[in-house]
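Please read the structure below before turning to the comments.
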Amino acid sequence: MTLTSPLDGAGAAPLASDGRSQRLTPSADPVLEIKNLSVDYGYDDDPVHVLRQVSLTLGRGEVLGLAGESGCGKSTLAYAATRLLPPPGLITGGEVLFTDRSGVKTDLLRLNDTQLRASRWQDMAIVFQGAMNSLNPVYRIGRQIADGIRAHEPKTTQKEALERAAELLDLVGIAPDRLKSYPHQLSGGMRQRVMIAMALALDPQVLIMDEPTTALDVVMQRQIVEQIAELRDRLGFSVIFITHDVSLLIEIADRIAIMYAGEIVEDAAALDVYHRPRHPYSSALLHSFPPLRGPRRELIGIPGSPPDLSKLGHGCPFADRCEFAFDACAKVNPQLVFPNVPGDDPRRAVACLRHDPSAVRAVGEEPPPVPPELSLT
Amino acid sequence: MRFFLRRLGFYVITFWAAVTINFFIPRIMPGDPVRALIAKNQGRISTDAESALRTLFGLDKDTTLWQQYVDYWNLILHGDLGTSFTYFPTPVADVIAGAIPWTIGLVGIATIISFTVGTLIGSGIGWRRGTWADSLLPISTFFSAVPYFWLALIAITIFSVTLGWFPASGSYDRSLVPTFSWEFISSVIYYGTLPALTIVISSISGWILGMRNMMVTVSSEDYVTVAQAKGLSERTVLFGYAARNAILPQVSSFALSLGFIVGGTLIMEIVFSYQGIGYYLFTAVAAKDYPLMQGIFLVITVAVLFANIVADFVYGVLDPRTRQEG
């Protein structure tokens, strides 16, 4: 058991000099706090730093969207937080604090194997990217839902577990007689629903969904997303929804965190990100797909490609592709700070030197003003 | 159920084709078996015996090829495979019936041990890849790369000649009368240990490697990660999810190797003078004993077919996807 450090008390003012550890807790009642999580790939002397000091807080009952390009570390974050990182991934630092219903905090990264097994699925369940391959092809789906239940509740009989599985299938809109089906007898959408039903089997408080709809067509995507939102309202779990599809996130998420090159660059309420992006990358992401409603806007791609994580220098990793970059961007890697726009929601944060004059002054330069594109109100 | 019936139908047709080919090939070959036999014995059989031999081979009657074919089927279905030259006048069926239990007993048990142990070791190594367990691989590969006859001869040199732990040849103590007594059975086990051991050593690496590689592939499948995420015990994840799927290709190769048990251990039976079917095939070839050869080939064909049937059924039970109707 680890208690939160006093620095994390809600209401503390965000300080530019040490933005990461003193960021405001966006929710007064966090269920999952990821703090300064770092992940390397490779065991040799020169590992690739895939996650660099990522901090993220998930409030109880909240849907947190995690967006970013391929390879930015979204899935790695999900795997690291659940300690499912396949080799050669290695968690090199940080904490993943889980708060259970009675308010006791546990650091998932410091549990031993037995405790970890007991915590998995019970506290935090995960729905993976590959809907097609997430089910064991040789077992009936009923058995696969039931074995998860029985692993955590050994007193449950197989019959009771299967009854629960039938209820769970009903919850996601699949006929209970499908319990006897094998995975290959189900469509992709049904398999993903089965995975959601399976994830809800032990009434977890956190559901991590790693691109749950990527392999599905748009109609099925919409149904699944609506179903998740509806189940969340009914059952009250919290969701970390990982996707590269920002337009989808705006529909479902309460809050969105944008990731770039293994770091979180912006963290704000969903509508704020959508209407008032503060980071040049968020702004560019939003201009790379057509808006669902409202006036049409010009579509602009993001020039260049994501940086090679093994060759990152000192400066801002986005500087090479950023239209607002200036001299200091090559020297200082920006920390998450409160945006330099008066009247913004105090709980939002952005990692951009345009919003961080004190960091620019620290390297002896005159901070340029915040461009109008990054200070929309 | 329809799946199994369809497969069965397929095998009946294959069996018919195999027997038909077995029937026609000797008849398509040029030459007269009686003349060949007399020429081979170079005057030791008098020419007067020629008509007697013709009667024995059924060549005296002027029957059509079709009639012969029907007769052949009739005889096969009654278990009559003709008369052996070398073991005259023992029928071929009796020679084979006497040899087959030895081969199936020894090689069958050795193959099952090799498969079971190899698959278990392979699952373990594949599950913990990158640890010290990987160093077992080159050792087992070395033994399978060694030519079998050489491995067997070395084993005889070390364990029979030098150390004297095991007999060098034979299948049981010839002073004993074959009965179901403990004394006889223990003698069979004692004589069989060395041949069985050499078979296991030379074949186990194939099972280890196959299973290990499949385990590595399957371990990175999403459903294994999901099983871990569900908090199932390591045992359940390993055997219920990873090994359960990794074993599927192993099962088909196992069934195929079961089929080759009957014919494929010629060298072992020659080196150890073990009185199995391979040993008889060897003597039959050396003595140009066509009826015995043909009978053994037929038995081998049937064994391979039967093993395939078993493989198909086991696979159908293990993998629901192959049971798909339609």
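Note that Cβ sites are derived from N, Cα and C of the backbone, with glycine treated the same way.
Note that the structure is a prediction, hence the values are computed from the model and not measured.
Feature annotation from TrEMBL assigns transmembrane segment to B:7-25, B:99-127, B:148-168, B:188-209, B:254-275, B:295-318. The annotation domain 'ABC transmembrane type-1' is assigned in TrEMBL to B:100-311.
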Tertiary contacts of the transmembrane segment (B:188-209), as residues 6+ beyond its ends and Cβ separation under 8 Å: 105-107, 109-111, 113-115, 117-119, 121-122, 125, 136-137, 140-141, 143-144, 146, 148, 151-152, 155-156, 159-160, 166-167, 170-173, 250, 253, 257, 265, 268, 272, 274
Winner by Cβ pairs under 8 Å against the transmembrane segment (B:295-318), considering only B:7-25, B:99-127, B:148-168: B:7-25
Same-chain residues at least 6 beyond the ends of the transmembrane segment (B:99-127) whose Cβ lies under 8 Å from its Cβ atoms: 133-134, 136-137, 171, 188, 192, 195-197, 199-200, 203-216, 219, 238-239, 242-243, 246-247, 250, 254, 257-258, 261-262, 265, 268-269, 274-280, 299
